[in-house]
Amino acid sequence: MADDQNCAPELEKADPSGEDGVDAKPDRSSIISSILGKKKKNASACPVKTARDRVPTYLYRMDFEKMGKCIIINNKNFDKVTGMDVRNGTDKDAEALFKCFRSLGFDVVVYNDCSCAKMQDLLRKASEEDHSNSACFACVLLSHGEENLIYGKDGVTPIKDLTAHFRGDRCKTLLEKPKLFFIQACRGTELDDGVQADSGPINETDANPRYKIPVEADFLFAYSTVPGYYSWRNPGKGSWFVQALCSILDEHGKDLEIMQILTRVNDRVARHFESQCDDPCFNEKKQIPCMVSMLTKELYFGR
């Protein structure tokens, strides 16, 4: 029929076993179903193509004019009201990260001792910039922290509030591009005693005008430690995580995929670092970084 010619072809039949549901409480699920039901009545007869209808590509495009912007927020000094100590050694981290990301082709900007409002403002403005000619975006947060929180010089703010500016529905020029966040901060007060292990052997996309992707897609969060634990920093050398990250990026930043890079960072922090403190409660402790990836493709900085 003529009316069907402009409709995108439906490539996959609906599952006859039933409709998709949500993992929510019964009261929330019924509300969501009601909302979705209303939307269905008003929906166009033309099906919207989803990402699974496209020919898959497994590498992020990096052939843009620029690699992208890298913002480093380096919080060293804190207002007395926060009760937080000076983060000695963080300037070493900021300097090493500046050189490292610049060598990868990023336009790097460092901001020191930012308030919570300043951090929000910086990242909001960055998300409003035109990233059309950039391959990706990176941000490094160096500060004190708690689980899901990061300290500005004057208090704490949720990490989610900082990163949400770059969601797909808010920052359109970074849509389907990697948004990388590296976070050097404590995530709790637990200590990792480690466990003795036996030594062993060392072991271009086609245009498609109508499809949707999740707004939280294409994010990567690389945390210096796992939820609930301290993150260690040496006053003379910088934090363990940043030392390892910069070392691996210098060695393999242009030839390994990002998850391979971060896996090697995990290994280096786990094997090569151990705390040395006069206080026996804090002596001989270990640390393991943690990454949370919503990336949808492989990322190579050197391609």
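Placed from the backbone N, Cα and C atoms, the Cβ positions cover glycine too.
Summarising the annotation, Swiss-Prot assigns region 'Disordered' to 1-27.
Positions annotated as N-acetylalanine by Swiss-Prot, on the basis of similarity to another entry: Ala2.
As annotated by Swiss-Prot, compositional bias 'Basic and acidic residues' applies to 10-27.
Annotation comment: Swiss-Prot describes Ser30 (among others) as phosphoserine, evidence class similarity to another entry.
For 38-41, the entry in Swiss-Prot reads region 'Exosite'.
Feature annotation from Swiss-Prot assigns region 'Loop L1' to 76-87; the stated evidence is similarity to another entry. Within the model, the region 'Loop L1' (76-87) shows a mean pLDDT value of 97, rounded to a whole number.
Counting Cβ atoms from all protein chains shown, His144 (active site) has 22 others lying within 10 Å of its own Cβ. Residues or ranges marked as active site by Swiss-Prot on the basis of similarity to another entry: His144 (among others).
Here Swiss-Prot flags Thr173 as phosphothreonine, drawing on similarity to another entry. In sequence order, Glu129, Asp130, His131, Ser132, Ser134 make up the list of same-chain residues 6 or more apart from Thr173 (phosphothreonine) whose Cβ falls under 8 Å from its Cβ. Secondary structure at Thr173 (phosphothreonine), taken from DSSP and collapsed to helix, strand or coil, is helix.
Listed in sequence order, the residues of the same chain lying 6 or more apart from Cys186 (active site) and placing their CB within less than 8 Å of its CB are His144, Gly145, Glu146, Thr225, Tyr229, Tyr230, Ser231. Feature annotation from Swiss-Prot assigns active site to Cys186 (among others); the stated evidence is similarity to another entry.
Swiss-Prot lists 187-196 with the feature region 'Loop L2'. Broken down by DSSP into helix, strand and coil, the region 'Loop L2' (187-196) contains 0 helix, 4 strand, 6 coil.
Summarising the environment of Arg187 (site 'Involved in allosteric regulation'), the number of other Cβ atoms within 10 Å of its Cβ, over all protein chains shown, is 23. Per Swiss-Prot, site 'Involved in allosteric regulation' is recorded for Arg187 (among others), and the stated evidence type is similarity to another entry.
The site 'Involved in allosteric regulation' annotation in Swiss-Prot covers Tyr223 (among others). For Tyr223 (site 'Involved in allosteric regulation'), the same-chain residues that are 6 or more apart in sequence and have a Cβ closer than 8 Å to its Cβ are Ile183, Ala185, Arg187, Pro289, Cys290, Met291, Val292.
Among the features that Swiss-Prot reports, region 'Loop L3' is placed at 226-238, with the record citing similarity to another entry.
The annotation phosphoserine is assigned in Swiss-Prot to Ser239 (among others). Neighbours of Ser239 (phosphoserine), defined as other CB atoms within 10 A of its CB across all chains, total 26.
Under the heading region 'Loop L4', Swiss-Prot lists 274-288, citing similarity to another entry as support. In the region 'Loop L4' (274-288), helix, strand and coil residues by DSSP number 3 helix, 1 strand, 11 coil.
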Contact set, same chain, for the region 'Loop L3' (226-238): CB under 8 Å, 6 or more residues outside the stretch: 87-90, 92-93, 96, 145, 147, 184-192, 273, 275, 285, 287-290
Chain residues outside the region 'Loop L1' (76-87) and at least six past its termini with a C-beta under 8 angstroms from it: 112-113, 142-144, 151, 153-156, 233
